[in-house]
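> Pasting a structure below so you can have a look.
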């Protein structure tokens, strides 16, 4: 198994410096990770640095709370695409999901998916599993699929918990082979990575990608 091709090499902390961003980009080239995942501010720099590479540029939309307006998310998505983003990881409106306002959740996702797909870019939907019941996780996955998303993703890594094998298993059971499943948050070792893949993840968001690749 080529673990590198599963990994979105991630640096989303707010205090990330240009030097650290450049290091992430260099590591992604060296290890041939699937992508780098960076905040929108760094997308243009990463896109220019990776233009002669197979490494994609992923960024985050409505991050990390998901509580911005749909119009703001769409603007953010379009700006990211203009700056060279290949994939968009958006956060759902968690509060509206928990309140049972599924139409609002659906239209929010659909708007970002429309913006992404208009430019042939993949959209992943972060459902923030640590804040949801299993019933809510299922609804979030169903709404993401209905909205036309390409992936469902467990976590931002900025809330109360990250990916679990149980959540990845549940999400895969809902979306079948129709959508991708991205596990993110708390994946620190090769064992963690392999467990998530075995549970059904076909992409991993991790800041520990180099450590994972170098572990025996």
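Even glycines carry a Cβ here, placed using N, Cα and C.
The feature active site, proton donor/acceptor is assigned by Swiss-Prot to 89, 182. As annotated by Swiss-Prot, active site, schiff-base intermediate with acetaldehyde applies to 153.
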> How many Å separate the Cα atoms of residue 153 (active site, schiff-base intermediate with acetaldehyde) and residue 89 (active site, proton donor/acceptor)?
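On Cα coordinates alone, these residues lie 8 Å apart.
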> Can you tell me the CA-to-CA distance separating residue 182 (active site, proton donor/acceptor) and residue 89 (active site, proton donor/acceptor), as a whole number of Å?
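The separation of the Cα atoms works out to 10 Å.
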> Can you count the other CB atoms that lie within 10 A of the CB of the residue listed as 'active site, schiff-base intermediate with acetaldehyde'?
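The answer is 30 other Cβ atoms.
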> CB neighbours of residue 89 (active site, proton donor/acceptor) within 10 A?
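27, counting other Cβ atoms within 10 Å of residue 89 (active site, proton donor/acceptor).
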